[in-house]
Amino acid sequence: MSGLRTLLGLGLLVSSSRFPRVVARGGPRCPGPAWWAARPMHLGDSTMAGGTVKYLSQEEAQAVDEELFNEYKFSVDQLMELAGLSCATAIAKAYPLSSFGSNPPAVLVICGPGNNGGDGLVCARHLKLFGYEPKIHYPKKPNKPLFDALVTQCQKMDIPFLPEVPPEPMLIDELYELVVDAIFGFSFKGAVREPFGTILSIMNGLTVPIASIDIPSGWDVEKGNPEGIRPDLLISLTAPKKAATLFKGRHHYLGGRFVPSDLEKKYQLNLPPYPGTDCVLQLQ
């Protein structure tokens with residue numbers, strides 16, 4: 001067993017006492033099957049003080065993104081930085097450092113090959129600045145300057161890149177306090193290819209919390225996936241997607257405070273006002 005962990009670049013298995021589980025009001029956070037089944041299903045759009053927040057179809061989400069790039073001239077790296085910062089901020093609010101005791105909490109960030117993976121890289125960098133200890137698994141990096149730069153930034157900040165993830169859920173549960181799902185975003189379609197099919201299968205057996213960026217990976221953007229991963233935290237970016245109505249985790253945040261008011265009105269997003277200068281807003 002120790003030889004396997006050495007092969008994975010993970011070192012000796014750390015005992016669970018080193019990284020105590022996050023303690024919430026009323027007891028520990030253990031997002032296993034019991035808490036998942038007990039959560040009520042959230043149907044329809046979220047009702048906020050200012051009205052009903054719109055949940056986007058895949059087509060609507062793509063149209064909003066295209067207008068941000070083409071009409072409003074945002075760049076990909078610009079929105080990626082804002083989105084990744086939002087994700088790290090939401091994680092820090094849902095799982096504050098004070099919940100973990102004296103040791104910096106270890107966080108496994110699993111990044112996919114697209115922009116969602118880029119959001120994860122930015123998120124990891126900000127988590128490091130916030131005092132967490134992220135490690136990244138990035139098995140399918142695109143050959144593009146933007147992603148090369150994001151990887152370099154993480155490496156310069158001494159964030160390790162792991163060649164493999166532990167092959168058993170219990171190993172991840174022992175080594176990490178949180179897993180960030182940055183594999184697939186709202187534009188994903190079709191069957192899940194390897195190595196991500198195996199990774200999602202491992203994640204489906206975790207008891208540590210999963211934080212999903214924009215959409216839980218492996219879920220249909222509109223219909224969800226009753227047999228898919230079950231995140232404890234969902235960070236919807238720009239606006240929530242329809243699959244978020246099926247989210248039954250503890251924390252749902254909205255991030256990506258960059259939507260121009262005219263674009264919001266055009267698509268009737270009805271986004272709630274962000275508090276003060278915050279870049280995230282808690283929806284549940």
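Cβ from N, Cα, C; glycine included.
According to Swiss-Prot, the feature K(+) binding site maps to Asn116, Asp181, Ser217. DSSP assigns Ser217 (K(+) binding site) to coil in the three-state reduction, placing it in neither a helix nor a strand.
Summarising the annotation, Swiss-Prot assigns domain 'YjeF N-terminal' to 61-271.
Proximity of Lys140 (N6-succinyllysine) to non-local residues of its own chain (separation of 6 or more, Cβ distance below 8 Å) is seen for Gly112, Pro113, Gly117, Pro195, Phe196, given in sequence order. The N6-succinyllysine annotation in Swiss-Prot covers Lys140.
According to Swiss-Prot, the transit peptide annotation covers 1-55.
DSSP assigns Asp181 (K(+) binding site) to a strand segment in the three-state reduction.
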